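Novice: So that we are looking at the same thing, I have put the structure below in structure tokens.
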Amino acid sequence: MKSELLAVLNEAYPEYVSGEKLSILLHCSRTAVWKHIKNLQEEGYQIKAVRNKGYLLESSPSLYSGHAVASRLIKGNLPYQIRFYPELLSTQNEAQRLAMEGAEEGTVVIADKQTKGRGRLGREWESSMGTGLAVSLILKPDVPAYKAPQLTLVAAVSVVKAIEQITGVKAEIKWPNDLLIEGKKVCGILTEMQADPDRIKSVIVGIGLNVNETVFPEHLHHIAASLSGFADSPPERAQLAAAVLNQFAEDYELYKQSGFAGVKAEWESYSCTLGRKIQVRQNGSYINGTAEAVDSQGVLKLRDKDGILHSIVSGDIEIS
């Protein structure tokens, strides 16, 4: 009940919500609403109560709302429009729907809770309320369709820099779309495109970042981790989300001017893939070798044991 109450107050900010409206939305009595408000106040949430107006969430230990993110954004080249949802099946699906309806570049879909999120190859990526970042960003770059996957690499650079800026923790990039800390995955990036034969209509860049998760499915225990497990103190999600968006706005502008080459050196400096023995899986077959480089298009160059240099445009990799 308290999480639902917080979600309503978060979404309403900076407006008051009456006790009557809360009782209707939460299907409980106004007395029950008042008791939950008192409990939240005791937990550190600053909730202002005004007669004939209702309740206003002024601040909280970890206030996460569209306003909390938007108020931290720096005005720049990418005019962000935040769409915040307490819960969604998938931020990617919602962003795709909005893009098809004509949403502008810079529209950002954020969900506090995501129940059917997905990563590459249809893999699940869920975010429980209060635990992670689930963010999808609508872009409309004037580039050929084959270059759209480069935005995954650009976003990875932005997220690594934002994480270090907010927490001091250094993450690494595993080509093409994972961020690792001490070898464990904390973030995945999914780029999806809507296009006509001759032009890109929109690109949706989805970012899923484990921030405060403490419980992972059994099959992920040994490979997944949460950012809070490495930071000195739990990161504030609104601050982290804004840092990611602010950094991406800078890197995206550089990308539009110079292509992936504009961020290539930074990507290489954060990479945990280059120079390593890796195995690439593509369409059920495997290629083993050493990851030598990424080129100016973001293509991974792998040299096998016979000295043959392979160009890897996409695929899953395992690092030896």
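All residue numbers here begin at 1 and follow the chain in the order shown.
Backbone N, Cα and C define each Cβ position, glycine as well.
Automated prediction, rather than curation, is the source of TrEMBL annotations.
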Novice: Quick one: sort out which of 19-38, 59-78, 119-138, 179-198 is the DNA-binding region according to TrEMBL.
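Specialist: The listed stretch tagged DNA-binding region in TrEMBL is 19-38.
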Novice: Per residue, counting other C-beta atoms within 10 angstroms of the C-beta, which of the binding-site residues R118, K185 reaches the highest number?
Specialist: R118
Novice: Once the DSSP letters are reduced so that anything not helix or strand counts as coil, what is R118 (biotin binding site)?
Specialist: strand
Novice: Does DSSP put K185 (biotin binding site) in a helix, in a strand, or in coil?
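Specialist: Note: K185 (biotin binding site) is in a strand by DSSP.
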Novice: What number of additional C-beta atoms lies within 10 angstroms of the C-beta atom of Q114 (biotin binding site)?
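Specialist: Result for Q114 (biotin binding site): 28 neighbouring Cβ atoms inside 10 Å.
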